[in-house]
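Novice: Marked as active site, S-palmitoyl cysteine intermediate by Swiss-Prot: Cys132. The feature domain 'DHHC' is assigned by Swiss-Prot to 102-152. The annotation topological domain 'Cytoplasmic' is assigned in Swiss-Prot to 1-20, 82-151, 198-203 on the grounds of a curator's inference. Taken from Swiss-Prot, the feature topological domain 'Extracellular' applies to 42-60, 173-176, 225-295. Among the features that Swiss-Prot reports, transmembrane segment is placed at 21-41, 61-81, 152-172, 177-197, 204-224.
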Amino acid sequence: MTSFMSRVWCKVESTGRQLPIVLNAVLVFSITAEVSYLVLVEAPFEPEQKKTDWSTIWTGLHLFAQYFMLGNITWNASLFVKTNPSIRGVFLGGDTLGQGWRYCYNCETHTPPRCSHCYDCNVCVLRRDHHCVFFGQCVGFHNYRYFLTCLLFMWAGLLYAVVMNAEVFIFILKEGVTFHSVMLLLVPWIMLVSGQVTTRAFAFAFIADTCVVGFLLVAAFLFFHVALMLRGQTTREWYSTRRPYSLGTMANIRECLGKNWYFCWLCPLIPSPLPGDGINFKVTASLEPKKQAVH
């Protein structure tokens, strides 16, 4: 009985970890479908305007831009989840342990500096930043590039979606700021359940609201992590005033994005080897010239 309940609990726990990924995927593809509809069906042409070659090219550019961003989001997210950031399968070193090494009683092994245990993943993660609940995976040394690039394209995609949904907001507010329009923008679910709006109006209002809220949240996450990258810090190290691992702006960027940092963000398949191994880190003090003793 205990074994059966244990297996059931493991299944429930596994499903719970996958649920945020599924919900994120549904939201991303719903927004993409809605923006595609706005571009293809609700194109901003006046009734008397005819479709020209330029309008066709413009529509094609719109579709290319949004599916380029969608492809980068899904690909980076997939590689982020698949890339193992933990100490599993990693040779951590010999008997000599340097400064900053600690013993993890959960993993029953010594761990290098900047490595910490994640109780959600139940393993220690190299240069652990935080556990990302949206993807059910820890952000660490080996998958930080995919996490940051995914955030970048999510921010760009949501900004694009907000601009494209401007017509939806204009349509809702065309009769002025009324109780009906405000409620539709703030709580579209209540308006749908109470029968005040159609399913179509609810869908457009809900997705437009999601784009705005999502854009603000992703922008905050992106700018915070860009600041961390430039400072050579993790989220855990942000609270400390010291920055022993900050090697300068360009070196900090290379530490996170790799050798080809300046163009690897365009596509997750572009190779960009990281300069370190996630175990040994240069510190600021090691870059300073040694002072000679004065006799």
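Glycine is no exception: its Cβ is also placed from the backbone N, Cα and C atoms.
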Novice: Looking at the stretches 21-41, 61-81, 204-224, which one shares the most CB pairs under 8 Å with the transmembrane segment (177-197)?
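Specialist: Ranked by Cβ pairs under 8 Å, first place goes to 204-224.
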Novice: Tally every other Cβ atom lying within 10 Å of the Cβ atom of the residue listed as 'active site, S-palmitoyl cysteine intermediate'.
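Specialist: Excluding its own Cβ, the number within 10 Å is 18.
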Novice: Summarise the model's confidence over the topological domain 'Extracellular' (42-60) as a mean pLDDT value.
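Specialist: Mean pLDDT across the topological domain 'Extracellular' (42-60) comes out at 62.
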Novice: Is the topological domain 'Cytoplasmic' (198-203) packed against any residues at least 6 beyond its ends, judged by a Cβ distance under 8 Å, and which are they?
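Specialist: Same-chain contacts beyond the ends: 34, 184, 188-189, 191-192.
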Novice: Take the topological domain 'Extracellular' (225-295) and count its residues per DSSP category (helix H/G/I, strand E/B, coil), listing them in that order.
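Specialist: So the topological domain 'Extracellular' (225-295) is made up of 27 helix, 0 strand, 44 coil.
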